[in-house]
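Report on the following structure.
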Number of protein chains: 2
Amino acid sequence: MYDGIKGFSDIYPEEMTAYREVINTIEDTARGYGFREIETPAMEPAEMYIDKSGEEIVEELYAFEDKGGRHVSLTPELTPTVARMVAARGQELTKPIKWFSTRAFWRYEEPQQGRFREFNQTNVDIFGSSDPAADAEILAFGANILTGLGLTGEDFEFRVSHRDILIELLQAFDGDVNVREAIRAVDKSEKVEYDEYIRLLVDAGLSEEQAETFVDLLSAGNDDLNELVAFTERVEPAVENLQAVLAAAEDFGVREYCEVSLETARGLDYYTGVVFECFDAEGEISRAIFGGGRYDNLIESYGGPAMPAVGVAPGVMNSTLPLLLQRAGVWPAEELATDYYVLQVGETRSVAARIARQLRERGHVVEADVSGRSFGAQLDYADAINAETVVIVGEQDLENDEVTLKEMDSGDQYQVSIDAFPGDYARPTIDDFQSS
Amino acid sequence: MYDGIKGFSDIYPEEMTAYREVINTIEDTARGYGFREIETPAMEPAEMYIDKSGEEIVEELYAFEDKGGRHVSLTPELTPTVARMVAARGQELTKPIKWFSTRAFWRYEEPQQGRFREFNQTNVDIFGSSDPAADAEILAFGANILTGLGLTGEDFEFRVSHRDILIELLQAFDGDVNVREAIRAVDKSEKVEYDEYIRLLVDAGLSEEQAETFVDLLSAGNDDLNELVAFTERVEPAVENLQAVLAAAEDFGVREYCEVSLETARGLDYYTGVVFECFDAEGEISRAIFGGGRYDNLIESYGGPAMPAVGVAPGVMNSTLPLLLQRAGVWPAEELATDYYVLQVGETRSVAARIARQLRERGHVVEADVSGRSFGAQLDYADAINAETVVIVGEQDLENDEVTLKEMDSGDQYQVSIDAFPGDYARPTIDDFQSS
């Protein structure tokens, strides 16, 4: 017997039922906002990541040489691919470009709770707008999927930060600061002790005193952002931009889920303006649920036109989002649902098939025997797949031109004229016939 | 600027609209039959294919060594994976097991029309039933997706064959016949000249005279299957099984799409009983649209219980199905659809956002400005995304507590009280308010 590969999952139907409901909520929300679905390759030239992604991602690439000698990689994230696609057709596409897609990505990481080597994400991006309303629409979309899944403001929070605030603060200090390295230190701040955090910032070029001042400044919340401007005026445009995004989020009805958290930096190098991460408000799940932000320079760096961009990528299968939904008690039921089982015994198959066909045409989930089983075995099977109604097409009934409807929950049965079933009912049940 | 990899496709939103409609039809049909969605890894141990798949597939594997030294392969097909999953839980799963999934697969083949290195398929399988009704349900599902997509019996045909008929006929000849090789010759018969076909059969161990007899026997259609039994009785059970499958297909309403075609063999080695391929009835597309069949020995060969199985795998993205739909004139429109554009100018964003939110909650596709654009630019954009209705939320109207509805097709406009919009209408239009 073969085993699947470590860090990769098999998802069986019951569990998939819950995942599908989550994916549908996310995708329906995206469609509602006018995000348009795209489909993208699972493989790209490895250089795309080696040139542009952060170190961490490059170390985790599933890269190899294909039979044609190309150095290729499975996609560890979508952003470089959409950047390539926008760059390829940037001039001809109507702006803003609003795209989404749900698919798998691959990173060779150590598997742990909520982290796998293969994981699914829905990527949602807006290209071509630098307006704060675009950042806010991404926040609103992110919040709407969670409320659509049954979560409330008690369950999650968006920690909102701004890369340019971090960058401008760092550059306000005298000395030669490695901004990229310092931002990585900020990204790690939640995971390391204070002393280690300071040491990482000192490694990035700040003095110890500067590092302490910097850390202190980052504790500014929404109400004391002006203290940052008092520290250095160069941070003012970024602070105003963050405030404008939060004002738009207020108009969009999602300000309540956002709190300013400048310690949130995001790991990837390509982010520019606003960045954010969604966390479990109860703190049980320590890692971010998902995150996003603005990356205004990436398209141009891929050879495309100058093109602002902002996006978010909630994970679905094999990610932390299911953990949050489970923690909050809103994870969908992991069970099969079946509208009708058409139970057929004797020489009645063509009639049973006609009934099954008509019920399917009305959009129902309808199973019928494909195993030549006995009455009892079929009824057990109907029960196992949670059939709501069983339509019994037996030889004796048929001689009277009747079929029997059986509601599985109540056990109620009722004989219905074969010509009257399913009739014009969208979802025929015993009640429709008993009352008529 | 980077290029994507040869044989891999970027699908932009307009094209994806059509693909999504096709995928929805296929998946809704599968759900209607009670097939349950599963999700499977994109990567498996390479040995799974090297041990079990046909030579052709092994030559086309995207196989490589991962960072942990595992010899892995991207999945070239789903069957070995579902076989592994059924084998792992075979005893505890309720039978019949009816699964489907839509996803990408990868084969290093030479790209040509309708063939790519990355392609999508919906795999649909029944495990645990050897009854002819299971084969027929797979045929019915296959035909129903095509009729659901707008095709008729004029457009496509299922060429139905039976591996055991081929095998028993071959074994009825004196001599040492390599059955596997002979079946591969049959699979190639459409693509090679008669002489070459005979030569391939002779290579497989038939004499030239036997080969000619065999080819002649394979031309038997539905009405002369008994001639095969007259030739050798050992073929009788297989002939009866094929006839029973076709009788069930009759009951299921899809017999009319099926014709017996024993020259149809399917390329993969693991098939047993009934096999079939769907072809363009007009012959414009020479390659099979998709195919399927019975493979009763595979689960056991993967270390699972003895478990009959039958399935089909229509391709979606990057396959021949779109070519057939285009040829028949039923390929869905490649254009964006938008229900509402909420046009907002001046200090009206919170009202516009409230309206957009309410319309989205009713399930509509609703875009609103995220770029701070002028009235005219927003109207142009609404036109570009094919918005049906534009809701204009302007400062002047708002002073009168009104918004303006504009139907883009007719150009009609109508002022509606802000409190009355969207009201209780599921899909509010000008007509709802003019008539009230």
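Cβ from N, Cα, C; glycine included.
Owing to the predicted nature of the structure, the values given are computational and were not obtained by experimental measurement.
A:Arg107 is the only one of A:Arg107, A:Arg234, A:Arg255, A:Arg287 that TrEMBL places in the L-histidine site (with A:Glu77, A:Leu78, A:Thr79, A:Gln121, A:Asp125, A:Arg266, A:Tyr270, A:Tyr271). Between the farthest pair of Cα atoms in the L-histidine binding residues (A:Glu77, A:Leu78, A:Thr79, A:Arg107, A:Gln121, A:Asp125, A:Arg266, A:Tyr270, A:Tyr271), the distance is 21 Å. Sequence-distant contacts of A:Thr79 (L-histidine binding site), defined as residues of its own chain at least six apart whose C-beta falls under 8 angstroms from its C-beta, comprise A:Asn123, A:Asp125, A:Leu268, A:Tyr270, A:Tyr295, A:Leu298, A:Gly311. For the recorded site, A:Arg266 (L-histidine binding site), the DSSP three-state label reads coil. Contacts of A:Arg266 (L-histidine binding site) defined by a Cβ separation under 8 A and a same-chain sequence distance of 6+ are given as A:Ser161, A:Arg163, A:Asp187, A:Val275, A:Glu277, A:Gly291, A:Gly293, in order along the sequence. For A:Glu77 (L-histidine binding site), the Cβ neighbour count at a 10 Å cut-off comes to 18, with all displayed protein chains included.
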